[in-house]
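Colleague: Please read through the structure below; I'll follow up with questions.
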Number of protein chains: 2
Amino acid sequence: MSIKRRLLYAATALSVGAISSLSQANEPIQPIEPVKEVNVALAELGKKLYFDPRLSKSGFISCNSCHNLSMGGTDNLKTSIGHNWQQGPINSPTVLNSSLNLAQFWDGRAADLKEQAGGPIANPGEMAFTHTLAVDLLKSIPGYVHEFRLTFGNDEINIDQVTDAIAEFEKTLVTPDSPFDQWLLGDEDALTADELAGYKLFKDSGCVACHNGEAVGGSSFQKMGVVEPYQTNNEVEGRVAVTGVDADRFMFKVPTLRNVELTYPYFHDGEAQTLTEAVDIMGRLQLGRQFTDGENAQIVAFLKSLTGQQPSFQLPILPPSSENTPPPQPFE
Amino acid sequence: MSIKRRLLYAATALSVGAISSLSQANEPIQPIEPVKEVNVALAELGKKLYFDPRLSKSGFISCNSCHNLSMGGTDNLKTSIGHNWQQGPINSPTVLNSSLNLAQFWDGRAADLKEQAGGPIANPGEMAFTHTLAVDLLKSIPGYVHEFRLTFGNDEINIDQVTDAIAEFEKTLVTPDSPFDQWLLGDEDALTADELAGYKLFKDSGCVACHNGEAVGGSSFQKMGVVEPYQTNNEVEGRVAVTGVDADRFMFKVPTLRNVELTYPYFHDGEAQTLTEAVDIMGRLQLGRQFTDGENAQIVAFLKSLTGQQPSFQLPILPPSSENTPPPQPFE
């Protein structure tokens, strides 16, 4: 290739890039950006805490138990298992890309990841510990004392620092570079014809009204059962529990559809085991539309193109307890 | 440095190496060798299976639940938590360096890691699954079907392959390069004076009679309570359950002391919470010797020098279930 041709080629590539940026700007879904501006020491500490079952009464349940980073940041159970094998009330939402949510939990009762992180630790049905016991425990572990000192520059350990660190780690759990994002960024070959047809159906039939933006969801509360009521034995009532407003009954945070291939089963009650089932129910109850089998399969194909790069990191090695560390109490 | 002096220097270094090899050969403990000859594809598959809770009835318990590689390959509980929060009968032994054991389980009822790996999956008190269900489940997961085909070169999945893969992964879980091993290999500065004094006590008082070799244990069955009987409410009787021979009552496999700093609590019943307590009890019951506080502390210092390099690898990402995968049954 002559220099002249190379320059011409570069200019063309540039203009293609500019065009695809433009077309991307017109789509209701935006690509996930890789995470920037991470406090690395804080996130590394948070990673250890995230994997540490000593933050539970039993010494057996960690954040990763129900938001398993080997499994799409969920437990893939209808509803979660808590302390003493208690059956949780609700399906464990994925931690992946959760920093993009307008609020945390299905009912949005936590404003952000930091506020969320303290919840399960002290929930008697989940980790069944207390913030005081968790902090006392960490203070008894020399490796943590050292790492908190390095990270925060003081000799204190408190729950604020604990949840700060966990939230900072969770900020890193974004999943960019899905086939769909590659397509959004201009790679026309990144999607199959079925995936593209599914995306067109997803837009044209109104799914994007709620499932939009970078997380393809997570940006609003919506009623479960708009056209038809949703039938479930699950007793959770959604956002009304936070606001007390009757109109918020059965309003739930719209879940992200990023990595939805990995986050089965679906809905707040986990009653839809497969994507096929979930798409069918959403079509009928939310949009009043019965998708044909072919349409359903195309939408499912599109949804599977939303699986991004999963978080990739070394399994953390936890600092050992000391002789002063209170032992866990799994059976008391 | 002249070439002559360099040669002289090299010759000296060589002879120091030879001397330290000699002195190491005279010690009752040998350094752990880094693992060689691993079937990488098989071990990578085994790593996924090791972390996969879908091999349990509940979908919640994986090998890593009770042999947690963030925590010395144990659960750090007195006795383990199984399906439906059942209290296990015995303390979970570390998976680290378990390939060096003469047999597996406290009573040695499995000849090797491969035989061991099938046990917990089908144990109603642990993962509460069956081998048939586990294999059927794996067959329903396209990512596993693909990986088994790549690894074994055929279209079959059976429990033999599953346990082969898990055992191959476990073979990689050796922990070389502890401070004590550095000392064994000739680095005189690798141990403190207390650690060395502790090692001398450990040898001179007879601990090495059982805790010797590469794993500092794991090479014989011995009676728990030689000089004095061991008092416990735990009902497990040890090797007699395997042999039926009355003389094997309270005979247990001598546990490895590698990484013992991380594998608390101690003994088959997990009743010794700290190393101090474990050393004291072992001294009195096995050797008829009451260590002073100072001696105890030195032995503990030596034992902590047995903490080696922990396994270092990326958290595995598990292949997702398909629409044909039977859902887990945590509450049935």
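Cβ atoms are placed via backbone N, Cα and C, with glycine included.
Curation plays no part in TrEMBL annotations; they are all automatic predictions.
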Colleague: Quick one: which of A:Met224, A:Met251, A:Met282 does TrEMBL put in the heme c 2 site with A:Cys207, A:Cys210, A:His211?
Modeller: A:Met282
Colleague: According to TrEMBL, region 'Disordered' applies to one of these ranges: A:53-72, A:313-332. Which one is it?
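Modeller: Here TrEMBL associates region 'Disordered' with the stretch A:313-332.
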Colleague: For heme c 2, what surrounds A:Cys207, A:Cys210, A:His211, A:Met282 with a Cβ no more than 8 Å from their Cβ centroid?
Modeller: A:Phe202, A:Gly206, A:Val208, A:Ala209, A:Gly217, A:Val254, A:Leu257, A:Gln286, A:Leu287
Colleague: When you tally the Cβ atoms that lie within 10 Å of each candidate's Cβ, which of the binding-site residues (A:His67, A:His83, A:His211) has the highest tally?
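Modeller: Counting every other Cβ within 10 Å of each candidate, the maximum falls on A:His211.
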Colleague: Which residue counts does DSSP give the region 'Disordered' (A:313-332) for helix, strand and coil?
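Modeller: Grouping H, G, I as helix and E, B as strand yields 0 helix, 1 strand, 19 coil.
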Colleague: Output, ordered by sequence, the same-chain residues six or more apart from A:Cys207 (heme c 2 binding site) with a CB under 8 Å from its CB, or 'none'.
Modeller: A:Met282, A:Leu287, A:Ile299
Colleague: Whole-number answer please: how many Å between the C-alpha atoms of A:His211 (heme c 2 binding site) and A:His67 (heme c 1 binding site)?
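Modeller: On Cα coordinates alone, these residues lie 22 Å apart.
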Colleague: Mean pLDDT for the domain 'Cytochrome c' (A:193-307), as a whole number?
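Modeller: Summing pLDDT over the domain 'Cytochrome c' (A:193-307) and dividing by its length gives 97.
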